[in-house]
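Here's the structure we're looking at; comments come further down.
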Amino acid sequence: MAPKNPLCLPSLLLPLLTLLLPQADSGSFVVDRDHDRFLLDGAPFRYVSGSLHYFRVPRVLWADRLFKMRMSGLNAIQFYVPWNYHEPEPGVYNFNGSRDLFAFLREATLANLLVILRPGPYICAEWDMGGLPAWLLRNPKIHLRTSDPDFLAAVDSWFKVLLPKIYPWLYHNGGNIISIQVENEYGSYRACDMNYMRHLAGLFRALLGDKILLFTTDGPEGLKCGSLQGLYTTVDFGPADNMTKTFALLRKYEPHGPLVNSEYYTGWLDYWGQNHSTRSIPAVTKGLENMLKLGASVNMYMFHGGTNFGYWNGADEKGRFLPITTSYDYDAPISESGDPTPKLFAIRNVISKFQEIPLGPLPPPSPKMMLGPLTLQLDGDLLAFLDLLCPQGPIRSILPMTFEAVKQDHGFMLYRTYLIHTVSKPTQFWVPNNGVHDRAYVMVDGVFQGVLERNMKRNLFLTGKMGAKLDVLLENMGRLSFGSNSSDFKGLLEPPILGQTILTQWLMFPLKIDNLVKRWFPIQLLKSSHPQTPSGPTFYSTVFPIFGSSRDTFLFLPGWTKGQVWINGFNLGRYWTKRGPQQTLYVPRPLLFPRGALNKITLLELENVPSHPQIQFLDRPILNNTLHKTYIYSLSADVQSTSEPMELSGH
């Protein structure tokens, strides 16, 4: 059948269509394999990029950080998308407020920065569970990061929501995303499941089309299992690594095209109990200059680190469980509080030798504030607030259940049982098979007895009368985020043992501490129940005004042991003053009420309160003070506790 004559469009519509058509395919970013380079809109292009994470920076500060990155000479940024930040429950999605990654993309556009996107599903990033949602572990048999149908179904469901939202932001659609990473350092994962990688690549192509450049990145040892035909292969390494050897290895997997270092390390992460990590300026700048001389494209990880607010930090397993600090300063060119550092100016100088730097000076460091000391008032021990912390009541079980089994993804859970016979002599309380994940605060009839800790050999001895109440507060210190990424269940993974008796008949209280703190629970509620010498999990708080304008500041907790802090209901993160290295917590200016309004700070101290329960706000951070010893807890001075010292190893 012959086609009908085309309809005649009104002449006024033709110019409009002419304007609209280029926007449908307004740019191109491709690999020129003949000349080992990228082409951006047909012209030779090399990106000098930096990593920052929108989820580690309050939204009101995004524009400031991005502007400083552009003024440093960068022409692109690289960032992850943490799945668990956006899908807190299966099928429940959150892209609001500081989770609005599309607002972040808009800010990057305004800063004239291209984007290299890393949507996972696994991202590492020293983020809880490497960005995978904890609710995946409600299926205890799931095999993460493999072609396990249960895992793939969850991944497919997530990406069918995320990737269509990303599609308009692709560079050839008029957006600023020039390339997208598939998975993340998969070669470092033991599974080496190529069917899984092929499934992801097919899913990305189906949802994003053929024009977007898809790539992988791995360390040199991970290229074999991390690379995949059809995805552009890149590598990551730091200043201490052999650049010539590493790029030569990369050429075995990607013989033609530009050399790319997707993670050039400007610093490193910190673990509780180890030294603050640094990378020297000469080492960082020398490596950067050598790569740029080769014509390589480079992304600096991190360019601005930010903060692991709340419970979002990840952890590593290096012979023992190593949770990551609240600060993610990373010794990066832009500090945790957003200030240019000497490292930034040195890097900017190197970049200026290879491409034009925007005109104008970098903004100076933001003004900082000192305040205090402030004395905190005792609100009461955690057990006294149990009805408010767990209003729905406890879950009953013969054997203790994990956090995941009761749908408690983060924070704390209280396990309670009662002694079935009198224990008159100090008797060892322990959990077999390293079954404490991650720290347990033990109380008998409300009296704090001590701590058990994952991967740490501690002796804890208890006494108690028949019917005595045994409470074990479990803290989730962050799920494993790198490497093995085995399913990191939290809580009591095995039933505790007192002497030779396996303890059963447990009550489990999933605690909603953040909800309670946000409601600003009344200080006077439990005055009559205050212990004489507070120890164990205890709430403290105070209110304070700021006369004049508020500024960035750093909360210092001298003499406090370990716990969690909230300011005006915002979960600032964990402190662990007694272990270090981090001694202060970054408090961004927007969290504070200025001009005489009352600010409220709440502490949950988990172990021991100083004799003078005071805090201070300082005008500079303390990130490098580690006490090189392990704290011992015992029921009495007569009973010797032993523990293994923290190994201060390299990375």
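Backbone N, Cα and C atoms are what each Cβ position is placed from, and that goes for glycine too.
Lifted from TrEMBL, the feature list:
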SIGNAL    1-26  signal peptide
DOMAIN    38-353  domain 'Glycoside hydrolase 35 catalytic'
ACT_SITE  Glu185  active site, proton donor
ACT_SITE  Glu263  active site, nucleophile
DOMAIN    400-512  domain 'Beta-galactosidase 1-like first all-beta'
DOMAIN    537-594  domain 'Beta-galactosidase galactose-binding'
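Every protein chain shown contributes to the tally, and the Cβ of Glu263 (active site, nucleophile) ends up with 24 other Cβ atoms within 10 Å.
Sequence-distant neighbours of Glu185 (active site, proton donor) (same chain, 6+ residues apart, CB-CB distance under 8 A): Cys124, Thr217, Asp218, Gly219, Gly222, Gly226, Asp236, Phe482.
With helix defined as DSSP H, G or I and strand as E or B, the domain 'Beta-galactosidase 1-like first all-beta' (400-512) counts 3 helix, 54 strand, 56 coil.
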